[in-house]
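Below you'll find the structure, written out as structure tokens, and then a few comments.
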Amino acid sequence: MDQAVSVNADPDMASDREGRSSRWRNWTGFWLLGLCNNFAYVVMLSAAHDILKQQGSHNSTSPTPSTVALDVEGGKRSSYDCSPVSTAAVLLADILPTLMIKFSAPFFVHNLPYGFRVLVCVATAIASFLVVSFSSTMWISVLGVIFASVSAGLGELSFLSLTVFFSRDVLGGWGSGTGGAGVAGALLYSGLTQAGLSPRNTLLIMLVVPVAMVISYFFLLVFPPSFPQWKCREVESVRGRDSQSRQPLLDDTDEEEEREKGAEGVFIMSACEDKVTGPLTCIEKLHITKGLLRFVVPLGVVYFAEYFINQGLLELLYFPNFSLSHAEQYRWYQTLYQVGVLVSRSSLCCVKFRRIWALSLLQCVNAVLLLLSVYYQFLPSAWLVFVIVLYEGLLGGAAYVNTFYFISKETGDRQREFAMVAASVGDSLGIAISGLIAFPVHRYFCSL
């Protein structure tokens, strides 16, 4: 057996090379990077609409982008008590720039050093807070939202590919941090504005988040000695044939399961001993992308179903005889969803689930159930919707973190970095398609 140790080995196998302190620093660093990367993305639209409405006067708090669209947009009410502008329109404005980056970046982003990518993410996040804070027109606010979306999209694919240089347990830290961003962003923005701060000052205080990203990346992470911080990475595996053979993503499912059980530890290689063999060719990238479809497609379906629920159906599930108002019900729907995501994205250290297609099937069942409940209005209380939405968040978070864990585990060293970048398009594509479909569905119900 090769005595070299894989840079992406499991924690037990990497313990000889990494001390406990380094592993905890890296796990914590990726947790903070996940939190900081998604933070501006979570709060930006709510803050932008809040500032446009109030123009620096007394604010009306709105913890989620969708709640803003629900409360701020006026107009004729239908029997479903919905606004004429769907929250799906807000969703599309938030996701399309990220989707464009994820579609194009896998084929050129390797030419940008990691240190430079992080600085771009930090700069665009700072720009988003500043632009929206001082915006005076809708177009300026949209520009701020675009900056936030660019920062989140570039950051996600960059930090996911960065995990290949560390032990695989940092994926758990990243997933937990991204899950926590949804809860922390909503609660922090709501708390500061309800405490009396104006939306503008609240966003200016949040400039500490990009600063925290810089500290987490440059000062908290313990990088391998050979890590290409300020230069393009063109280092590939010295054992090309072994690396190629360790690709269950491109083989039959039965072979995948066999290798998952017995092959780990056989193809162990060290990044420090890699040799330059040239970057992946376009044909190789397309071949890897084809092999990733069995993970990316189920992930996309999961996110399509859950965002169809969140942005197309939840604002229509209003219970007038409930103790909470329409806006409060919707706010709790979104909060419980984020709690579910946080819990399941933090679960990688406890349970791993490879069959992402089963999660996508269960999420589609949720979507169909809630669609029928909107049409026939047979659900008796918002309490039942609260439970379903929490469950929905658990499924979505589990699909995300397990997808990238098994892609990292089952892809050869030479292909792993590209595979992590390419697979990141799955959730964004599902979200974008859900927004396109949810918009006419919303208009249909609002016309009844």
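Backbone N, Cα and C define each Cβ position, glycine as well.
Per TrEMBL, these features apply:
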{"type": "TRANSMEM", "residues": "30-48", "note": "transmembrane segment"}
{"type": "TRANSMEM", "residues": "114-132", "note": "transmembrane segment"}
{"type": "TRANSMEM", "residues": "138-159", "note": "transmembrane segment"}
{"type": "TRANSMEM", "residues": "171-191", "note": "transmembrane segment"}
{"type": "TRANSMEM", "residues": "203-223", "note": "transmembrane segment"}
{"type": "TRANSMEM", "residues": "356-376", "note": "transmembrane segment"}
{"type": "TRANSMEM", "residues": "382-406", "note": "transmembrane segment"}
{"type": "TRANSMEM", "residues": "418-439", "note": "transmembrane segment"}
When you look at the transmembrane segment (203-223) alongside the transmembrane segment (418-439), do they share 3+ Cβ pairs under 8 Å, ignoring any pair fewer than 6 residues apart in sequence?
no
Same-chain Cβ contacts of the transmembrane segment (203-223) under 8 Å, 6 or more residues past its ends?
18, 22, 25-26, 28-30, 32-33, 36-37, 39-40, 43, 47, 51, 115, 118, 121-122, 125-126, 129-130, 132-133, 165-166, 188-189, 192, 197, 229
In the same chain, which residue numbers or ranges, 6 or more beyond the ends of the transmembrane segment (382-406), come under 8 angstroms Cβ to Cβ?
160, 163, 168, 171-172, 175, 178-179, 295-296, 298-299, 302-303, 306, 309, 314, 317, 319, 322, 324, 329, 332-333, 336-345, 347-348, 352-354, 356, 359-360, 362-363, 366, 369-370, 373, 420, 423, 426-427
In terms of Cβ proximity under 8 Å, which residues at least six beyond the ends of the transmembrane segment (356-376) contact it?
80, 295, 298-299, 301-302, 305-306, 308-309, 313-314, 316-317, 385, 388, 391-392, 395-396, 398-399, 402-403, 441, 445
